[in-house]
Amino acid sequence: MKKVKAAIIGSGNIGTDLMYKLKNSKVIELNAMIGIDSESDGLKRAKEAGYEVFDNGIQAIIDNPSLADIVFDATSAKAHSYHAKILEELGKIVIDLTPAAYGPFVCPAIRNNDFLDKQNVNMITCGGQATIPIVHAINEVANVTYAEIVATISSLSAGPGTRANIDEFTITTKRGIEEIGGADKGKAIIILNPAEPPILMRDTIYCEVKDMDEVSIYEAIHKMVERVRTYVPGYSLKQEPMFDGNRVTVFLEVEGAGDYFPPYAGNLDIMTAAALKVGEEFATQIVSEKKRGVMNEAK
């Protein structure tokens, strides 16, 4: 199968981790790594790996539109708001790994292929990718009236982009809890833990439900965990769900694959693994459409 060309904008922690994941993709060929700091570790690693590198940001795509059909934006919410319009005009499929929420939210464990007609999709946040599937699973069987999540990540795994987007993180994750998770009302909190040695990503999900059914909720949570594990193997329950009246509390832990950052950075891993899965679905569709076009021409 001919691979679909892609580029990454943003050579920070998330962009660099994604670079290593794309290396093993069977349907996507990473063509370029784009940043704004020629001395960044991400651009240096990309150059060493043999990828074309640019340090002039979005201008690289403007000057070389044939670089990629799919663009992964791993910059910041503010930067993506500027990039989105340019990439839309250039006809690029955009997978946004910032909390900009310019396009519709996508969580691969919840939505199947109903995003493939969109040009720009948003991967919510790392905390959202970890917790929203659980909120959704509970809501499917018990009607969640309120959901609150606390995402705790190692301070070392939070780069400048993450730190600059704390407000956007809470707002976008809250929206995702409600719009994708299905909760009537949501709330999100992020904690950067400076502990040494660094802790694994940990997430607490607290839900108030209208229709309590412990057995159905328990089964729904476990099924969803297994679904997420198909693309994030380090995703797991820290302990069994806790029930108290109309309240359910779930404790998660996410261990990263160690592609770029050590395994404690599960927050990077769940974001990039989810983006890779979504990108590969877009790439598969592009290849299928091209094949169909060739067959129609042959007729």
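Residue 1 is the first one shown; counting continues down the chain.
Just so it is clear, glycine is given a Cβ too, placed from its N, Cα and C backbone atoms.
What Swiss-Prot records for this protein:
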- Ser11, Gly12, Asn13, Ile14, Ser157, Ala158, Gly159, Pro160, Gly161, Thr162, Arg163, Ala164, Asn165, Asn267: NAD(+) binding site (BINDING)
- Cys126: active site, acyl-thioester intermediate (ACT_SITE)
If we count other C-beta atoms within 10 Å, could you say which of the binding-site residues Gly159, Gly161 has the fewest? Gly159
Under 8 Å by Cβ from Arg163 (NAD(+) binding site), counting only residues of that chain that are 6 or more apart: Leu192
Hey, does DSSP put Gly159 (NAD(+) binding site) in a helix, a strand, or just coil? coil
Check Asn165 (NAD(+) binding site) against DSSP and tell me helix, strand or coil, would you? coil
Asn13 (NAD(+) binding site) to Cys126 (active site, acyl-thioester intermediate), Cα to Cα, whole Å, comes out at 13
All-chain count of other Cβ atoms within 10 Å of Asn13 (NAD(+) binding site): 25
